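Annotated compositional bias 'Low complexity' per Swiss-Prot: 256-268, in sequence order. Swiss-Prot lists 32-131 with the feature domain 'Cystatin LXN-type 1'. Look at Swiss-Prot and you will find 151-255 tagged as domain 'Cystatin LXN-type 2', backed by sequence analysis. Under the heading region 'Disordered', Swiss-Prot lists 254-275. Positions annotated as signal peptide by Swiss-Prot: 1-23.
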Amino acid sequence: MPGLRAALPAALLLLSSFPPAAAERLPWPQVPGVMRPLNPSHREAVWAAWTALHYINSHEASPSRPLALHKVVKAASKMIPRLGWKYYVHCTTEGYIHGENAGSCFATVLYLKKSPPVVHGKCVHAQNKKQIQEEDHRFYEYLQHQKKPITANYIPDSNGNIAHDHLQLWGLAIVGSSYIMWKQSTEHTGYLLAQVSSVKQQIRKDNAVAFKFIVLLHEIPTQQLNVCHMYLVWTLGHPIRVKYSCAPDNHGLEDGSGQDSGSAAGTSHETKGNF
């Protein structure tokens, strides 16, 4: 069956074009506790919206219809004394896989200095939620009944194409990677899923499904690619459970070996997760 071309959401292209944080200056004094409006296209507004969607994707755990940012409609921020910056965003969303209209979300994102961002969000879905749940259920049952582990490499391929049979695996990778990207995001550093280098199912005897992924995450604004080894466990109706370790990829996207090691801001050799 012909593959589908993986088109980056417009908001991803906008995000990757932003200059480093030092190149921008806020046009007002940074007064603690004072709410300040943000230009919806401002880098921090877009990053806060993506941070919220990473959190929502990892907790809703729907590989059939993960969410991507379409655009930020309205945004504001304020400094919370002794904690950090808190962002308030209203954004429209689209399907991460197909780019269809997916609704809108309201969220707050509090960036802490030594902990993952604290996110509270609520989304209004344009799609039929029951249909999404049924698609997830069919995919889940399909995975549960596998006698031979599912394996795949390079999703999307070097031409940006995704085979139809790999679309939901790509969706599952988005959901799992969203957990990592939420945990690693800061006020000035964001992440996007660039490619699944490899994926292999781990056959289990319980009612969960599990996969080992090697994924490439695009770090913004450094443009660095980070290799993450991700062990994902999915139980239908529950948030994804993820263990991961990440390091820079020195060979680039097309190599996809995921075997290099190193260190960088926002990445770690130490295995982390929510098990």
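Backbone N, Cα and C define each Cβ position, glycine as well.
Secondary structure of the domain 'Cystatin LXN-type 2' (151-255), assigned with DSSP and counted as helix (H, G, I), strand (E, B) and coil, comes to 21 helix, 50 strand, 34 coil. Note: the domain 'Cystatin LXN-type 1' (32-131) comprises 21 helix, 48 strand, 31 coil (DSSP; helix = H, G, I, strand = E, B).
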